[in-house]
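Below is one structure, written out as structure tokens; the observations come after it.
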Amino acid sequence: MTHDPEKFDSMLLAMAQQHEGGVKDLLDTIVGFLARKTDFFVGGKEGEWEKVVKDTFYKHSVKAREEKEKIKREKVEAEKRLKEIQQKKEQERLAKDFEPATVTELTDQEAENLQNDLEKNKQSKEEDGSGDSASNDPETPTVPDEEDDPKEKNKLKPNSGNGCDLENYRWTQTLEEVEVSELILMTP
């Protein structure tokens, strides 16, 4: 006879929830039912009911222990796999961080071509005014390194008074005071 082991779970769970004494009270109720409403204890041979109870409890005890061990093994294996993955990622990260520098030998011709290319790039940058040298033009503002920072990209830049110039307001500040001015635009 095959039956679903979870078939009566909802009923038994409802019964278990109504027993304040826990599993002992639930078992007492079930055994009391067997004694009152069936011939479980008196219908068979002497001591047969004890063998049935022991065998049933032993069978389910073995299943419960096997399931517990299976879960424990799976947990240990999962932790082991996770640890291996973390170690592998750490090793890969360390390998990337500490990748040794490589030296590539160039022939004399390749070295000369590379030097010529570098000089051409340097000359074209100087001609375009986009070289690394600072501009002598006082009206050309120098670009601070902070503009390369993506966090600073959309922020307003402070004015000369360490404040801000907005459409209708301007403000400056020092350590001791803040000055706010309203700008009034007159249109003709």
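Keep in mind that glycine also has a Cβ here, set from the backbone N, Cα and C atoms.
What TrEMBL annotates here:
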type	residues	note
DOMAIN	7-45	domain 'NudC N-terminal'
COMPBIAS	84-99	compositional bias 'Basic and acidic residues'
REGION	84-168	region 'Disordered'
COMPBIAS	117-128	compositional bias 'Basic and acidic residues'
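Secondary structure counts, DSSP: the domain 'NudC N-terminal' (7-45) has 24 helix, 0 strand, 15 coil. Mean pLDDT of the predicted structure over the domain 'NudC N-terminal' (7-45): 91.
Applying DSSP to the compositional bias 'Basic and acidic residues' (84-99) sorts its residues as follows: 14 helix, 0 strand, 2 coil.
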